[in-house]
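Database features, via TrEMBL:
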| type | residues | note |
| --- | --- | --- |
| TRANSMEM | 16-37 | transmembrane segment |
| TRANSMEM | 49-71 | transmembrane segment |
| TRANSMEM | 77-95 | transmembrane segment |
| TRANSMEM | 145-164 | transmembrane segment |
| TRANSMEM | 231-253 | transmembrane segment |
């Protein structure tokens, strides 16, 4: 049977593979956060997840969507950004609610103990930290999800307005696309630095790094095969290199006794949850 006779099978099969790849591209990036979300809800403890991961991914994907208005790219990449933004907002909402509830419980227990000794002392609640306070010491560590949402909307509005004014500039559009993917590619750098600083990968999830390595490799292949803008391919390669460097650190440090790390240190990237 010749190739033309197999068209009835090959064409639908090719379409099915394309749809599968597009679906994996859209939803694959959020898969690692599903068990993290469930763990936080189950344990009511969000200390093991850095909300700065959400900040980086929100900025990166908002910039990517704005880049689309200047230079249209593959639709799955656009939908991936939308899905990731929704996911990060859900993660922020859960982490904020859990953290504020835990802080309030700690304060209440402390002051209840104090009140047992001094009946006249008033029990206080933790001070509310707001986005509108413009306090750099508490940036991205606010007491309400609404503050995070306001910050994201303000950034989107300002960036969108600048993009609207400069949309006809090819240099601006290309720079915007590069900043979008470069920001996302830098996710693993804080973890890489932390591992180097403490000469240890203690507390880092190897499974998470492996998931990100496989995901980033798939994304880079998808970019190359679908002719995505050059920025995507270059920064995809950078992400893979950072992932491999972290895995190399894990292998190297596993051959030496782990060194103690400060008790309060937590992972600061999506690579260690």
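Note that the numbers count up from 1, one per residue, in the order the chain is shown.
Glycine is treated like the rest: Cβ placed from N, Cα and C.
Residues 73, 77, 174, 177-178, 180-182, 184-185, 187-189, 191-192, 195-196, 199-201, 204, 206, 209-210, 212-213, 216-217, 219-220, 223-224, 271 of the same chain, all 6+ positions outside the transmembrane segment (231-253), place their C-beta atoms under 8 angstroms from a C-beta of that stretch. Tertiary proximity for the transmembrane segment (77-95) is limited to same-chain residues at least six positions away from its ends with a CB under 8 Å from its CB atoms, namely 25-27, 29-30, 33, 36-37, 40-41, 46, 49, 51, 53-54, 57-58, 61-62, 64-65, 68, 145, 148-149, 152, 228, 232.
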